[in-house]
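S.K.: Below you will find the structure I want to go over with you.
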Amino acid sequence: MLDAQTIATVKATIPLLVETGPKLTAHFYDRMFTHNPELKEIFNMSNQRNGDQREALFNAIAAYASNIENLPALLPAVEKIAQKHTSFQIKPEQYNIVGTHLLATLDEMFNPGQEVLDAWGKAYGVLANVFIHREAEIYHENASKDGGWEGTRPFRIVAKTPRSALITSFEFEPVDGGTVAEYRPGQYLGVWLKPEGFAHQEIRQYSLTRKPDGKGYRIAVKREDGGQVSNWLHHHASVGDVVHLAAPAGDFFMNVAADTPVSLISAGVGQTPMLAMLDTLAKEQHTAQVNWFHAAENGDVHAFADEVSELGRTLPRFTAHTWYREPTEADRAQRVFDSEGLMDLSQLEAAISDPAMQFYLCGPVGFMQFAAKQLVSLGVNNENIHYECFGPHKVL
């Protein structure tokens, strides 16, 4: 526990943190990667270049300082970060490295004096121990499961299937021929790659896209402009290649009773965690209402449409609606979509009126903000809205 003086000293630095903003974390990362370049093998350097990780870390530091007297308020954020850390296989000793560079950054940017540095050192130590403890629990849980493992495990690509102009699915089975751990629908896999030509090992998280079967895993990857890993997977990865996977993880997952109505709302590749949820609901013969609401640019980039239709036909109460923002002439001729333009949930108000309904959202942050705002305006409680950000977390 932190003493009152330490808490007061840390809270007194909040105005300085806010004034400095992500410049603080930019300095921190530049310093850390200069002194510990081996960490480039763990961190997503694309998120470093676009500034997303710097913003996410700054928000986390500011939130910790603001809630230092009420640590339970931070537990949801801790769980989200701890789950992601296990996908990167973060170890306790790496927290010491981060702590060293955080304190050095505060000193170099602000020269706040030893009392402030000591207070932040104590505060960081408490937070680091919370993460270390929770991550140890997750590692143990993953290793103890039937088909579970520690660290990473080699898997072979057994199928590679184009699903749209931008999205390709990959199926993996373990090289050792053993079973694989189950997961909750909505969770992701950590994919570890360092093909020839990569400057650093790259680790990415991709949502699992079907109900667990104990034999293997399936993900779907969108080819991003300039995306090193996604382009390698699309253009170079082949059936028979071996990749290393960290065990399934993530705090975003569906957990509902058979009589709970569910809405799965997505845009673009954000449908991937929803596919695992829909597959689970279908195979478990979910009895309550299930809605599938999806937005895509057009039919060329709309993946898994046939699979969704097939799964929907097995559910007793299923409603699907698809919006194309800019449908092609072929889309219009074939009528493969329901509405043109942006997603408008007021069109389906009757289908989402049950106050017990749980809503799961995934897609670009702007889309999720747009969809969540509509849901709230239609009377949905915020507590019933669950969402996943691909990349560093953002608050809707």
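Positions of Cβ are set from backbone N, Cα and C atoms, glycine also.
Feature annotation from Swiss-Prot assigns heme b binding site to H85. Here Swiss-Prot flags G268, V269, G270, Q271, T272, P273 as NADP(+) binding site. Under the heading domain 'Globin', Swiss-Prot lists 1-136, citing sequence analysis as support. Positions annotated as domain 'FAD-binding FR-type' by Swiss-Prot: 150-255. Taken from Swiss-Prot, the feature region 'Reductase' applies to 147-396. Sequence annotations record features per position, and here Swiss-Prot assigns site 'Involved in heme-bound ligand stabilization and O-O bond activation' to Y29.
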S.K.: Would you mind reading off the Cα separation of V269 (NADP(+) binding site) from H85 (heme b binding site), to the nearest angstrom?
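M.R.: A Cα-Cα distance of 23 Å.
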S.K.: Excluding G268, V269, G270, Q271, T272, P273, which residues of the same chain place their Cβ within 8 Å of the centroid of the Cβ atoms of the recorded NADP(+) site?
M.R.: S207, A220, K222, S266, A267, M274, L275, C362, G363, F390
S.K.: Report the mean pLDDT of the predicted model across the region 'Reductase' (147-396), rounded to a whole number.
M.R.: 96
S.K.: Could you give me three numbers for the domain 'Globin' (1-136), the DSSP helix, strand and coil residue counts?
M.R.: 113 helix, 0 strand, 23 coil
S.K.: Give me the DSSP three-state residue breakdown of the domain 'FAD-binding FR-type' (150-255), ordered helix, strand, coil.
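M.R.: Going through the domain 'FAD-binding FR-type' (150-255) residue by residue, I get 8 helix, 46 strand, 52 coil.
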S.K.: Rounded to an integer, what is the Cα-Cα distance in Å between Y29 (site 'Involved in heme-bound ligand stabilization and O-O bond activation') and T272 (NADP(+) binding site)?
M.R.: 31
S.K.: Tell me the Cα distance separating the residue listed as 'heme b binding site' from T272 (NADP(+) binding site), rounded to the nearest angstrom.
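M.R.: The Cα atom of T272 (NADP(+) binding site) is 21 Å away from the Cα atom of the residue listed as 'heme b binding site'.
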S.K.: Considering only the binding-site residues G268, G270, Q271, P273, which residue has the minimal Cα-Cα separation from the residue listed as 'heme b binding site'?
M.R.: P273
S.K.: Please give me the CB contact count at 10 A for Q271 (NADP(+) binding site), counting all chains in the structure.
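M.R.: Excluding its own Cβ, Q271 (NADP(+) binding site) sees 28 Cβ atoms within 10 Å.
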S.K.: Hey, what's the Cβ neighbour count for P273 (NADP(+) binding site) at 10 Å?
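M.R.: I count 28 other Cβ atoms within 10 Å of it.
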S.K.: What three-state class does DSSP give T272 (NADP(+) binding site)?
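M.R.: Its secondary structure by DSSP: helix.
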